[in-house]
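> The annotation zinc finger is assigned in Swiss-Prot to 12-25 on the grounds of sequence analysis. The annotation region 'Disordered' is assigned in Swiss-Prot to 77-111, 173-206. What Swiss-Prot lists as compositional bias 'Basic residues' is 94-108. Annotation comment: Swiss-Prot describes 102-158 as domain 'HTH myb-type', evidence class sequence analysis. According to Swiss-Prot, the feature DNA-binding region maps to 130-154, an assignment based on sequence analysis. Residues annotated as compositional bias 'Basic and acidic residues' in Swiss-Prot: 175-184. Summarising the annotation, Swiss-Prot assigns compositional bias 'Polar residues' to 185-206.
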Amino acid sequence: MVKETVTVAKTCSHCGHNGHNARTCLNGVNKASVKLFGVNISSDPIRPPEVTALRKSLSLGNLDALLANDESNGSGDPIAAVDDTGYHSDGQIHSKKGKTAHEKKKGKPWTEEEHRNFLIGLNKLGKGDWRGIAKSFVSTRTPTQVASHAQKYFIRLNVNDKRKRRASLFDISLEDQKEKERNSQDASTKTPPKQPITGIQQPVVQGHTQTEISNRFQNLSMEYMPIYQPIPPYYNFPPIMYHPNYPMYYANPQVPVRFVHPSGIPVPRHIPIGLPLSQPSEASNMTNKDGLDLHIGLPPQATGASDLTGHGVIHVK
């Protein structure tokens, strides 16, 4: 039995034709070139090397557009642009953009005002409503940040270690916040009320009323003085008259005058000095009612009286 040998024609990997291989192919790419030890040797002028570095998160079809963008940014070197991007395994250690990304990841510490607002929201809304606390009380933080801050706060409170620890923002507890609010309310209630602006300045007596001051100074004559009836004029003496141009002898009842002592002691009422104009008529009526006459002279000598009775004697009828 004779074995038949079957010869299979070789197919070129470059052009796809049979009868030759890629090394001896004269069609397409390897025209006028020879491949020696895996390297194509061609008589064509030397071209700039193509950048074949693998980009991260990019498809191979967009490499040309990316190179054009890198050249337009001013780098001018496509190889340097590819090296700057790096690979996935490199991370952001050797990348120029790594420092910026690392700074963005760095958190911003909480301030004391934010922590106190967090305590107020925790007191009103309770545990678990981190979204409501972030929305209504700590608007500068996200709900995730509020939840993380609350977790650290409760861990700090539950630690029973009595060793000296560094002062932290979490040492401000909810009881301290309530005590601060209570002290602020007490301070606001102790402030004196504002007096209305008027033309007359009122006396300021702190902690004492007028009755208390009067009781304290009981021995002083603080009552109103009684008004006595003036003496009527006799024997055509002119009565005391008012002098309108002199302020001592009259008082204007239309304008009340209030005197205030610096110690707060009330001052007695002002009493006008003088006599009314209708006083002479009242005095004449009083003289008519009394009926007293005063005569000075020698009395009439009675008959049969001794000389001892002849001396000057004043008789009142």
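Glycine too: its Cβ is placed from the backbone N, Cα and C atoms.
Could you give the neighbours, burial and distances for every feature on this list?
Look at the zinc finger (12-25): DSSP puts its residues at 0 helix, 1 strand, 13 coil.
Note on the DNA-binding region (130-154): residues 110, 114-115, 117-118, 120-122, 170 of its chain, located 6 or more positions outside it, place their CB under 8 angstroms from a CB of the stretch.
Here the compositional bias 'Basic and acidic residues' (175-184) has, by DSSP, the following mix of helix, strand and coil residues: 10 helix, 0 strand, 0 coil.
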> Within the DNA-binding region (130-154), what mean pLDDT does the predicted structure show?
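Mean model confidence (pLDDT) across the DNA-binding region (130-154) is 91.
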